[in-house]
Amino acid sequence: MRLVILDTSKSVGEWAAKYVMKRINDFKPGPERHFVLGLPTGSTPLGMYKQLIEFHKQGKLSFQYVKTFNMDEYVGLPRNHEESYHYYMWNNFFKHIDIEPENVHILDGNASNLVEECNRFERQIKEAGGVELFIGGIGPDGHIAFNEPGSSLVSRTRVKTLAQDTLEANARFFNNDIQKVPKQALTVGVGTVLDAQEVLILITGAQKSFALYKAIEEGVNHMWTVSAFQQHANTLMICDEDATLELRVKTVKYFKGILRDVHELGIPDGYTN
Amino acid sequence: MSGKPNPPACNCDDLIQFTNCRLVRNHQLIEDDLWVRAGKIINPEPIFFDERSKAHRRVDCGGAIIAPGYIDLQINGGYGVDFSFDKDTTEAGIRKVAQGLVKSGVTSFCPTLVTSPNENYHTILPRIPKRVEGGAGVLGVHVEGPFINPQKKGAHPENCIQTLENGIETLCATYGSLDGIKIITLAPEKVKDLSVIRQLVKAGITVALGHSMANLSEGEQAAQHGATLITHLFNAMLPFHHRDPGLVGLLASDAIPAGQTVYFGIIADGVHTHPAALRIAYRTHPQGLILVTDAISALGLEDGIHHIGQLPLEVKRGKAFVAGTDTLCGSIAPMDECVRIFRNATNCSTVYAIEAATLHPALCLRIEAQKGTLDFDSDADFILLDDKLHVLSTYIAGICVHRA
């Protein structure tokens with residue numbers, strides 16, 4: 001695992017966007033060779049999306065041959081609801097770039113058969129040749145996508161009932177009315193993300209620092225599902241200083257030391273897991 | 001990047017995306033794209049996720065403002081046409097004005113007939129077309145009279161003025177039919193039984209108060225019966241008096257039924273309403289303010305002498321005079337100019353100035369689901385403006401009908 005520690009959350013977004021651009025462009029995608037990207041929602045990746053849009057406007061990056069798979073979606077929430085991930089992705093990303101609509105995949109939380117919808121999603125990922133780069137964020141309880149504490153670390157895309165903590169945390173997006181918060185979500189499994197060639201995890205803010213500590217300094221544990229990525233061959237975590245507050249000095253110094261060039265020069269390559 | 005969009009495609013079912021623009025939406029200017037298809041403004045999100053298709057064509061707006069098209073609730077004519085006088089050439093007259101108005105950003109209007117003999121109504125009203133190719137749409141006719149107060153007749157012929165004696169029966173006898181009428185301006189003190197107002201409102205007709213000597217109490221009674229509009233505020237009504245504020249007092253009345261807004265047309269041509277009066281109206285009751293041109297036949301004509309109707313008139317320096325005199329004979333400021341004058345006079349926001357000519361008239365006529373906004377599923381009647389509010393181009397049902 002690699003951990004890149006940057007000064008601010010803003011630089012996390014910019015760094016991640018640069019990295020994603022480099023990965024896509026180096027891949028040289030074409031009509032017969034799509035770059036497959038897994039995408040998150042939430043406040044953490046917003047800065048990355050903004051910067052990717054900027055790169056697109058500058059002509060440095062095209063999404064014409066990019067396929068995307070989103071991590072999750074609420075069950076039963078109208079798609080035009082401001083908290084639906086369809087709404088989020090359209091307004092914060094897709095409407096600003098040149099991606100082909102047929103290359104975009106978001107789980108349909110209003111599907112009549114939710115299990116079939118999840119299975120279909122897994123099939124589509126497979127048909128696309130697997131995910132080349134899966135980008136994720138994490139919750140304060142260490143969940144990745146909606147893989148709440150206690151989720152199987154080999155889980156696949158499925159219906160998931162949300163933890164009470166998550167419902168309470170999300171109530172602020174639903175007029176502070178917990179009754180309005182969807183109780184279930186469709187989510188890719190931990191195993192689904194682990195199958196990706198590379199995983200990029202963004203962590204910002206002091207409120208995520210305990211989760212980051214659990215993710216990298218303690219053992220693999222299904223109560224902190226993001227810790228599963230210790231066993232992934234190619235995981236890159238990008239965090240800001242605030243998110244390191246619960247880490248040991250030794251850990252921080254180790255990652256800053258081996259990634260000195262990355263930190264000081266902003267060069268995103270030249271280091272390994 | 002050019003400020004001039006490409007010409008429209010002939011296929012109306014094409015999905016067109018206007019980019020690099022600022023939209024007047026939700027009472028603010030927002031940076032977003034405008035998506036249009038089949039004459040309607042559409043929500044692009046379902047197109048993307050359900051239809052899985054992209055825009056057939058993108059139009060670079062060069063940073064322009066996109067606003068809903070202007071709506072003029074009171075216009076007597078223009079381009080040499082007088083709707084009330086030219087009764088033998090109604091269709092051609094409407095067509096000419098409708099096609100001219102798009103230059104000033106007007107995409108729909110209410111042709112206005114001043115007080116006329118009954119037979120003129122019978123002749124003219126059935127012949128007003130609704131739709132004009134390449135021109136502003138007709139929302140219905142504004143009949144200003146004949147149930148007005150002779151003491152406030154303005155330029156209306158006194159011999160045609162009537163009293164509304166017998167409700168709908170009198171109205172039908174006068175106008176022939178109520179079909180095609182959208183607004184009736186009347187003096188409430190000339191109406192025997194105000195309950196006729198409620199009947200008109202039920203029939204989808206907006207009742208406006210004007211050309212009237214009514215005091216505030218009479219105005220309030222009319223409002224309680226469903227009148228929602230005041231015709232050219234300050235003009236042809238009692239001047240504001242602090243012990244009886246008259247119809248002007250309706251702007252601050254506490255006797256208006258809950259949920260009802262008093263709308264008022266106001267002529268911001270820089271001549272007919274003093275800038276201070278514009279400011280008073282704006283600051284007193286901003287949500288009711290509607291810009292109207294009240295333009296006469298000389299609107300859109302070149303400087304010089306013109307023979308329109310019975311009396312020769314002279315256009316000079318953007319004003320219309322009785323020929324050979326310095327007597328003003330009506331407003332000829334186009335709507336885009338009124339919006340600019342109003343913004344300068346009141347120092348209001350750009351969005352508010354635009355809404356006073358779009359959203360407010362649409363709300364007043366209860367057509368806001370189709371006109372007066374850039375909301376999804378509205379008619380794609382819109383204009384491109386520069387920051388000084390000059391019209392760059394005008395679209396009706398998604399088709400470009402004018403380009404500056």
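Glycine too: its Cβ is placed from the backbone N, Cα and C atoms.
TrEMBL does not curate its annotations; it predicts them automatically.
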Recorded Zn(2+) site member, picked from B:Glu133, B:Glu144, B:Glu302, that accompanies B:His211, B:His232 in TrEMBL: B:Glu144
Which listed residue (B:Ala155, B:Ala236, B:Leu328, B:Cys329) has most other Cβ within 10 Å, given these are binding-site residues: B:Ala236
Nearest-integer angstrom distance between the alpha carbons (Cα) of B:His272 (substrate binding site) and B:His211 (Zn(2+) binding site): 15
Between B:Glu144 (Zn(2+) binding site) and B:Asn235 (substrate binding site): CA-CA distance (Å): 13
Residues near B:His232 (Zn(2+) binding site) in space but at least six apart in sequence (CB under 8 A): B:Gln74, B:Gly210, B:Gly265, B:Ile266, B:Ile267, B:His272, B:Val292, B:Asp294
Neighbouring C-beta atoms (10 Å sphere around the C-beta of B:Glu144 (Zn(2+) binding site)): 28
Densest Cβ neighbourhood among B:His211, B:Arg243, B:His272 (binding-site residues), 10 Å radius: B:His211
The domain 'Amidohydrolase-related' (B:65-394) [mean pLDDT, rounded to integer]: 95
